[in-house]
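Database features, via Swiss-Prot:
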- Ala2: N-acetylalanine (MOD_RES)
- Ser6: phosphoserine (MOD_RES)
- Ser12: phosphoserine (MOD_RES)
- 12-31: compositional bias 'Low complexity' (COMPBIAS)
- 38-47: compositional bias 'Low complexity' (COMPBIAS)
- 63-71: repeat '4' (REPEAT)
- 72-80: repeat '5' (REPEAT)
- 90-98: repeat '7' (REPEAT)
- 116-124: repeat '10' (REPEAT)
- 121-133: compositional bias 'Low complexity' (COMPBIAS)
- 135-143: repeat '12' (REPEAT)
- 164-294: domain 'Galectin' (DOMAIN)
- Trp227, Gly228, Lys229, Glu230, Glu231, Arg232, Gln233: beta-D-galactoside binding site (BINDING)
Amino acid sequence: MADSFSLNDALSGSGNPNPQGWPGPWGNQPAGAGGYPGASYPGAYPGQAPPGGYPGQAPPGGYPGQAPPGGYPGQAPPGGYPGQAPPGGYPGQAPPGGYPGQAPPGTYPGPTAPAYPGPTAPGTQPGQPSGPGAYPPPGQPSAPGAYPAAGPFGIPAGPLTVPYDLPLPGGVKPRMLITILGTVRPSANRLALDFKRGNDVAFHFNPRFNEDNKRVIVCNTKLDNIWGKEERQAAFPFESGKPFKIQVLVESDHFKVAVNDAHLLQYNHRMKNLPEISKLGISGDIDLTSASYAMI
């Protein structure tokens, strides 16, 4: 059969320096507008090479393995097999150009979505699950230098009087994320977060800037006016005169604490009845900007 096919023809169009569908900064992005990877061309038999091409050859101008132009991953090519979704996408399909749940091109998952720093995001501390939005997807980290805005159950950003009590109606529950924003005062001595049940303290988080000329974080629980055994943490991410973000993620059997988007410590529940923990007390040598909570 007469054919102008040659090896040069088969290799033409493979020099695209920035092929569509190549893994981007967010990992394996879906192929750009085109068909399902490996889909046949319109009217072709499954597995048949495109007209004028060699079996296994990439479409003209494309990168090997790239989906042919015109479709979205999961979408049948025009004129395809019976049962194919009409042009425009499959029911429930994400709009062209994005993967379900993916941020728009050129944007970072917004800092307004409550999130606990998670190990799935490069550069974050290990030891905690990622969550929707999180402790950041279930959480990407918030944009560098940005803090989440106050959530639907929080207090609008602005100076708050310290000591300050944040009501927690219904108590705390797993996947509740509490976010505290503020600035450490110069020559600070201490700050404290106290998750309270009446006069009891379920979780006492107490960074101390100068205890015997050392900086240390002390965690504890107070039941019936008696303090339990202290748990001490040597890592100390707070600096006098500098802003901070504290995030406390409630899990079924422990609290997780992150500071400035990095996981810091975990504290197992000593008080088991979480719904009775109805208030968060914030005190110490800080200027408090906001305190909020949200479910993630």
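Each residue, glycine too, has its Cβ placed from N, Cα and C.
Residue density at Glu230 (beta-D-galactoside binding site): 12 other Cβ atoms are found within 10 A of its Cβ, drawing on all protein chains shown. In terms of DSSP secondary structure, the domain 'Galectin' (164-294) contains 3 helix, 84 strand, 44 coil.
In the structure as shown, the Cβ atom of Gln233 (beta-D-galactoside binding site) sits within 10 Å of 16 other Cβ atoms.
Within the set of binding-site residues (Lys229, Arg232), the lowest number of other Cβ atoms found within 10 Å of a Cβ is recorded at Lys229. The number of other Cβ atoms within 10 Å of the Cβ belonging to Trp227 (beta-D-galactoside binding site), over all protein chains shown, comes to 11. Averaged over the repeat '10' (116-124), the predicted model reaches a pLDDT of 53.
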